[in-house]
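Structure, as structure tokens:
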Amino acid sequence: MKKDEPPFDFPDTLEGFEYAFNEKGQLRHIKTGEPFVFNYREDLHRWNQKRYEALGEIITRYVYELLESDCNLKKISIPEGYGVIVLNPNENYIEVEKQKMHKQSSSDGTDEPAGKRERRDKISKETRKRRDFYEKYRNPQKEKEMMQLFIRENGSPEEHAVYVWDHFIAQAAAENVFFVAHSYGGLAFVELMIQREADVKSKVTAVALTDSVHNVWHQEAGKTIREWMRENCCNWVSSSEPLDTSVESMLPDCPRVSAGTDRHELTSWKSFPSIFKFFAEASEAKSSSQKPALTRRSHRIKHEEL
């Protein structure tokens with residue numbers, strides 16, 4: 001703690017922070033009615049960051065409670081007690097895998113084929129690079145003070161996406177699965193497609209990306225994946241143009257349209273009306289064995305195989 005810096009002693013309730021959600025679901029100060037202010041105390045960025053994180057933890061618990069109470073979703077723990085919301089309220093749709101003791105793999109990898117070990121090391125290195133990039137992109141001034149605790153089989157966003165797919169989504173009875181992936185979540189989804197391409201294609205109806213930071217070239221996504229994304233995905237990106245205005249892209253993957261805002265953190269919220277319409281059209285097209293409306297949108301955006 002820096003000299004003259006207040007202690008990190010924050011409330012553990014929204015009311016303690018003097019914030020509440022209004023009828024529109026917007027976080028507002030109880031007394032002033034103003035939105036959340038990050039710079040609560042001038043020249044104390046570290047303290048403001050800790051305050052922001054403490055409030056974020058409270059909001060996370062609040063949202064989980066709403067998902068369980070209002071949406072009837074079921075909360076299931078994955079390894080090491082990390083919580084995840086399963087998007088199907090039917091408790092009988094899946095037998096939850098019991099935790100098992102896993103043998104520790106050889107640390108030096110002497111029994112592992114050289115090619116496989118080289119591929120694993122390359123993926124690990126790329127995962128670290130992407131995570132470091134995202135941390136800088138998301139909050140370039142954030143101080144790295146906390147030691148990262150990796151959760152078994154969920155040590156990165158990419159691993160977590162594959163784990164949730166294998167243990168929950170792939171076993172769900174749902175016939176229409178939709179993804180909304182924001183920012184780095186888009187990169188995690190592309191990695192999921194690379195590792196589970198056939199399964200994703202057979203189960204996922206449509207994917208909405210919001211200001212995704214994926215890159216099909218850097219992630220080495222194959223031609224068949226890029227073609228599927230062009231037909232079944234759309235990326236609502238930050239832009240000053242009106243909502244759904246086509247935005248040019250240099251990548252040969254999914255169409256890009258404006259989210260109706262130039263603020264990265266608001267792209268999901270602002271594009272929800274279009275996303276739900278997109279999902280409805282894709283579902284109807286699947287039921288009638290027709291191509292979804294997205295393909296008509298993609299025809300307006302020409303991609304060149306570079």
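A Cβ is built for glycine as well, from the same backbone N, Cα and C atoms used for every other residue.
Worth saying up front: this structure is predicted, and the values here are computed from it rather than measured.
Listed in TrEMBL for this protein:
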type	residues	note
DOMAIN	10-80	domain 'Arb2'
DOMAIN	81-243	domain 'Arb2'
REGION	98-125	region 'Disordered'
COMPBIAS	113-125	compositional bias 'Basic and acidic residues'
REGION	287-306	region 'Disordered'
COMPBIAS	294-306	compositional bias 'Basic residues'
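Across the domain 'Arb2' (81-243), the prediction's mean pLDDT works out to 74.
Per DSSP, the domain 'Arb2' (10-80) is made up of 30 helix, 11 strand, 30 coil.
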